[in-house]
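According to TrEMBL, the features are:
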TRANSMEM  37-59  transmembrane segment
TRANSMEM  65-84  transmembrane segment
TRANSMEM  105-124  transmembrane segment
TRANSMEM  130-149  transmembrane segment
TRANSMEM  161-183  transmembrane segment
TRANSMEM  189-206  transmembrane segment
TRANSMEM  239-256  transmembrane segment
TRANSMEM  262-282  transmembrane segment
Amino acid sequence: MSNETTPLSARADDDVSWYSGFAGSLSTRGERIKDTLVYTSGYLVVIAMVEVATAMIALSLPASPAPIVVGLVAFAVYGGDRITDAESDAISSPGQSAFVKRHETALSVLSATAYGLAIALSVLGGPDALAITLMPGAFWILYATDWLPAVGTHVKRLKDVLVVNSTIVALAWAIAVVLLPMAFVDAPLTPAVAVVFVYFLVDTFVNTEIPNVADRKGDAAIGVSTLPVVFGVDGTRRILYGIDVALIGFLLWAFYHGLLAFELAAAMVVGLGYALVLAAFVGRTRRHRRLSIAGEAKHLLVFAVILGLSAGGL
């Protein structure tokens, strides 16, 4: 009887060992995929495409390649930014810095290829679409490179200037998200366009400042002025509260004056309510990267609410 039990026990041990090894391998691969999506900003491709789709719904624009173009540009620009800041990020984001340095060549090639594809697709929309597609790259050069000494200023990069840095990022993406799909279909400028543009501009500004809380020590060390560096964590939290509340008021005003459909206004306000909850965690959590990603993922919530309300006939 004991002779029969021993092989069964050994087999059970082998099964446990196999499952443990499989689970460990699966966990490792999952971690690598997560690191790749986060450190290369690959997840931002999906979010950027959803933002464009939201703008297209808000402005009643027909389908076009605009979401794909903006997704490719997002990957290219953020990939380039990761490479440029690899050294300085070693202080605030050592894991990301190590990943980017390890895969710098591949990331450079992929970023260049992505922008090349974006430009090729934008040609289908005409010269305006091409010009708008080139803008985020041009803005990034102005933002991240040391060109200012040429005009006699002590500031090396616009990235170092308080408010200007985040405003440039926000402006570049608001232009791409809102104006590119319009350029593809030659849509006219209307008051509703201004409302949607302001929404994405202000919201992107807030999403840009949230990661700066975790980076404040590194930013201060290299002379980058951000809200957390200048006003501290508590001051930044209060500023973000104020911006989000003001944006909610602006959207309600736009809805009252017929510039936003109910489902759009409701979804955006729900998203900003979610943003206010996230703002409460600024400086109160050590999971800074998760907080940043949660803020950017808000657009997935907004898009889902729009689809839900539209499907419900509201």
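The backbone N, Cα and C atoms fix where each Cβ goes, glycine too.
Sequence-distant contacts of the transmembrane segment (130-149) (same chain, at least 6 residues past either end, Cβ-Cβ under 8 Å): 69, 73-74, 76-77, 80-81, 84-85, 115, 118-119, 122-123, 155-159, 165, 168-169, 171-173, 175-176, 179-180, 183. In this chain, the transmembrane segment (65-84) lies apart from the transmembrane segment (262-282): fewer than three C-beta pairs between them fall below 8 angstroms, excluding pairs fewer than 6 positions apart.
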